[in-house]
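*Asks:* The structure that follows is given in the form of structure tokens.
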């Protein structure tokens, strides 16, 4: 009994040797080696790189039908038959023909759209160029439209006039010519009432005065209202930022109420680093400047560009020299009286 018990124990120990719960589900290694050593089950990897014919899916063919109807290709009887064939059988070969037709029609439509876009772009470019040319021409012709005969740059004006300008008068008197003396004109006497009446008539719609007065005489007894002398200060955005309001106040201080109005005007189109001033002095070259050199003549209705506060006295003395001289003489007389 003891011998049989020991034999059973040894057999059970030997049979359980080397077993473990984790090693029960492992596959034998020789099976894996056999799987790795076998070849490809089919030749699908070779057919993948071959050129296959493009086959339309039913979804693409339905999309083709919609595009075919939109482009109006159904007007052709032959293509209409293909259209019906494709509607009945979406897997037919008629879809390939219609697809080529549709692609050609789409390419043609794209070409037409491209041409339209180019034409529209060319028209916009031409309109922009015309607008720029018209704006430049309008700015160049603004002097003639507003009655300006000459554009005066104040840098050149300061260099040429600043040396010969006196304290009271800002214009150099021309030397007398002995050979052809200027005809003397009798001064026109105006009283205060007639002057005020004339200024009121100037502000209205050029009313003609048929009755002659003591201050205004004419052979035909019809007198045209004379243009008013005034100084127009540009009030554009650029000129405002460069001190146009202060310049206008300075002109009002210097000119006063001696028949010269200081007003604001719209942008003149030549704004630079300083405000622009348009002078309406109504100079008549035929009667006042005959026989004078061009350098001595006073330009009528000039446009002064780049005007500063230091140029106010010079402009008033240059273009309104008669009234400025009267103002200076009146101030000097008042100073001597005191």
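We count from 1, first residue shown onward.
In case you wondered, yes, glycine gets a Cβ from its N, Cα and C as well.
The region 'Disordered' feature in Swiss-Prot is assigned to 109-145. If you look up Swiss-Prot, you'll see 113-126 marked as compositional bias 'Basic residues'. Positions annotated as compositional bias 'Low complexity' by Swiss-Prot: 132-145. The annotation [2Fe-2S] cluster binding site is assigned in Swiss-Prot to 234, 239, 267, 271.
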*Asks:* In sequence order, what residues of the same chain, 6+ apart, have a Cβ less than 8 Å from the Cβ of residue 234 ([2Fe-2S] cluster binding site)?
*Replies:* 244, 265, 266, 267, 268, 271, 275, 276, 277, 278
*Asks:* As a test of the contact definition, list every same-chain residue at least 6 positions from residue 239 ([2Fe-2S] cluster binding site) whose Cβ is closer than 8 Å to its Cβ.
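*Replies:* Expected: 233, 267, 271, 274, 275, 276.
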*Asks:* So, in DSSP terms, is residue 271 ([2Fe-2S] cluster binding site) helix, strand, or coil?
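*Replies:* Its secondary structure by DSSP: coil.
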*Asks:* Which of the three DSSP-derived classes (helix, strand, coil) applies to residue 234 ([2Fe-2S] cluster binding site)?
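*Replies:* Reduced to three states, the DSSP call for residue 234 ([2Fe-2S] cluster binding site) is strand.
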*Asks:* As a quick check of your reading of DSSP, tell me how many residues in the compositional bias 'Basic residues' (113-126) are helical, how many are strand and how many are coil.
*Replies:* 14 helix, 0 strand, 0 coil
*Asks:* Which of the listed binding-site residues (267, 271) has the least company, meaning the fewest other Cβ atoms within 10 Å of its Cβ?
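*Replies:* Relative to the other binding-site residues in 267, 271, 267 has the fewest Cβ atoms within 10 Å.
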*Asks:* Excluding 234, 239, 267, 271, which residues of the same chain place their Cβ within 8 Å of the centroid of the Cβ atoms of the recorded [2Fe-2S] cluster site?
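*Replies:* Going along the sequence, the neighbours come out as 235, 236, 237, 238, 240, 244, 268, 269, 270, 275, 276.
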*Asks:* Check the DSSP secondary structure of residue 239 ([2Fe-2S] cluster binding site), expressed as helix, strand or coil.
*Replies:* helix
